[in-house]
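A.B. asks: After the structure tokens below, expect a handful of questions from me.
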Amino acid sequence: MLIQIAEVFSAAEAAQIRQRLEQADWVDGRVTAGHQSAQVKHNRQLPEQHPLAQELGELILQRLSANNLFMSAALPRKIFPPLFNRYEGGESFGYHVDNAVRVVPGTSERVRTDLSATLFFSDPDTYDGGELVVDDTYGPRSVKLPAGHLVLYPGTSLHKVNPVTRGARISAFFWMQSLVREDSQRNLLLDMDVAIQRLNQDAAGHPSIVQLTGIYHNLLRRWADV
């Protein structure tokens, strides 16, 4: 299931971030790719230990921790520090599946990649191509969001980034280990959480709200990996 999260950053904030990233020194993106991915990865990346990457990564995590939809959809237990990439001049990333486990640089911390995320910083009309294409149950789905918007998708997904033939596509990408490993279980919990919130708005104080909230937490208790 693909989940779009609007306006993690406003358009103005995304533009400021993009301007700072445009002035940074980029390196070959294959430095963080696995053996198979490196054969189809053609882009540039901000070094993981670059001060700007660390500063913006912290800012992204702060925003996401306050975003109700993100927290409900991802149920994050661990989040890999955000990375930043850039595509232009025909650069692309062919079909691949992300590594199942990532080690946080400079630590022994391991993150199981239950979910992947891309946060766009370039406006769609400033570049051609660059669509994130994610294969799911219903076939390939193409994603190209406004600057400041984010997409979540299962880490198990086969996916690619189409060649950028005009302009530049700058984005952040990262992975999460969820409290709930299985995508279908997370989706069910998200649907229930959204329904409870709507019921709270439409019929505040209804006794069913307490019952449904209890069911939600009992399912989470059954499925959570803590």
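Each Cβ is built from the backbone N, Cα and C atoms, and glycine gets one as well.
So Swiss-Prot says this about it:
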{"type": "BINDING", "residues": "H96, D98, H159", "note": "Fe cation binding site"}
{"type": "BINDING", "residues": "R169", "note": "2-oxoglutarate binding site"}
{"type": "DOMAIN", "residues": "78-178", "note": "domain 'Fe2OG dioxygenase'"}
A.B. asks: Taking the Cα atoms as reference points, how far is D98 (Fe cation binding site) from the residue listed as '2-oxoglutarate binding site' in Å?
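C.D. replies: Counting only the Cα atoms, the answer is 20 Å.
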A.B. asks: Restricting to the same chain and to sequence separations of six or more, state which residues have a Cβ under 8 Å from that of H159 (Fe cation binding site).
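C.D. replies: Once residues fewer than 6 apart are set aside, H159 (Fe cation binding site) is near Y95, H96, V97, S116, L132, V133, V134, D135, Y153.
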A.B. asks: Which three-state DSSP class does H96 (Fe cation binding site) fall into?
C.D. replies: strand
A.B. asks: Looking only at the domain 'Fe2OG dioxygenase' (78-178), report the model's average pLDDT.
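C.D. replies: PLDDT averaged over the stretch: 97.
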A.B. asks: Please list, for the domain 'Fe2OG dioxygenase' (78-178), how many residues fall into helix, strand and coil according to DSSP.
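C.D. replies: Its residues fall into 3 helix, 59 strand, 39 coil.
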A.B. asks: When neighbour density is defined as the number of other C-beta atoms within 10 angstroms of a residue's C-beta, which of the binding-site residues H96, R169 has the lowest density?
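C.D. replies: Result for the binding-site residues H96, R169: minimum number of other Cβ atoms within 10 Å at H96.
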A.B. asks: If you draw a 10 Å sphere on the Cβ of D98 (Fe cation binding site), how many other Cβ atoms land inside?
C.D. replies: 20
